[in-house]
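Here the structure comes first, spelled out in structure tokens, and everything after it is commentary.
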Ligand SMILES: Cc1cc2nc3c(=O)[nH]c(=O)nc-3n(C[C@H](O)[C@H](O)[C@H](O)COP(=O)(O)O)c2cc1C
């Protein structure tokens, strides 16, 4: 039976986590999702400890959050124990509930310096970091890892045991290797193995996009929590729907009006948070994901992509949703047929960026 779990005294209820995604899960996106309901823990994008400890304004901006996001974890990445500790102290000072260490990022620029998934290949360094950070903060310390560096170096069970020994209080496992990037599927049997190997709570990550998928993962692995990343970009209500199902309620079904409203709300949150041009660019990058699976969505994404002002974006959203509501073609593309939920590979361009 799936139930809320605790990271020390912090209740993760429901046991669902908005997975950190660099370039996506900034404060605007997290608020949008948190307002839809069903999220037990939000996590920042990964934040460079080099940037934070050298007062880079971007890194500081990435640490902002709203009170209603709590519990909120700040995820940091880096490779120098001392800098990691300083950054963790800053996160605690900024009010974070949890500090999370990124041991999964596959990006060459991160791994080259020994950070992200590079730490999975250098356990003495990882141990030094965990012990140093643990000394610096009083709030819970957690890690997010991958299965291992490559198929020949699957070591998540060993890493989880080491982490537990260093005082880490939650492990999140994305069951792909660093070499795999985002290809193929996450191996959830490894989540089961890690769960069986340690006493601290364990959550799994990778390819969950449906209520049934989440329930199956809980059943098969016995894990405590489930992280959802790309699935939340395509369906911001996924957490609420899973929570509904956990409570035996009929899962919430967003109407077309809800989908239109979520796009407008997101654009507003972005504009409140960043310069107009940056908000427009972020809309171009992400708005399309929210309409994946809607009829005529491809033309809509193209139309947003070619918009240059706030008003143009608002007009395109209005025109598109009016067309679907009336079952009219949008810019020549049929809007009457509905397609299935698209595959996660549709996020490939974003994945390549990290
Ligand atoms: C665009 C993008 C950015 C990501 N950035 C991070 C990150 O900053 N930190 C992290 O731990 N994982 C990051 N990930 C990995 C996700 O948190 C997650 O583990 C992975 O996408 C698998 O889960 P999903 O299939 O639910 O998306 C990122 C993934 C994507 C697609």
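Each position is counted from 1, following the chain as shown.
Cβ atoms are placed via backbone N, Cα and C, with glycine included.
Just so it is clear, the model here is predicted, and its values are computed rather than measured.
Summary of the site annotation: TrEMBL records FMN binding at 20, 21, 22, 144, 174, 229, 230. Screening the candidates 62, 75, 92, 253 against this entry identifies 75 as the one listed for that site. Within 10 Å of residue 105 (active site, proton donor), judged by CA to CA distance, lie the following binding-site residues from the set 75, 144, 229, 230: 144.
Ranked by how many other Cβ atoms sit within 10 Å of their Cβ, the binding-site residues 144, 230 place 230 at the bottom. Non-local contacts of residue 229 (FMN binding site) by the CB criterion (under 8 A, 6+ apart in sequence, same chain) comprise 18, 19, 20, 21, 24, 25, 205.
In three-state terms derived from DSSP, residue 22 (FMN binding site) belongs to neither a helical nor a strand segment and is classed as coil. A 10 Å cutoff on Cβ-Cβ distances gives residue 20 (FMN binding site) a total of 26 other Cβ atoms nearby, all chains included. Of all Cβ atoms in the protein chains displayed, 26 besides its own lie within 10 Å of the Cβ of residue 75 (FMN binding site).
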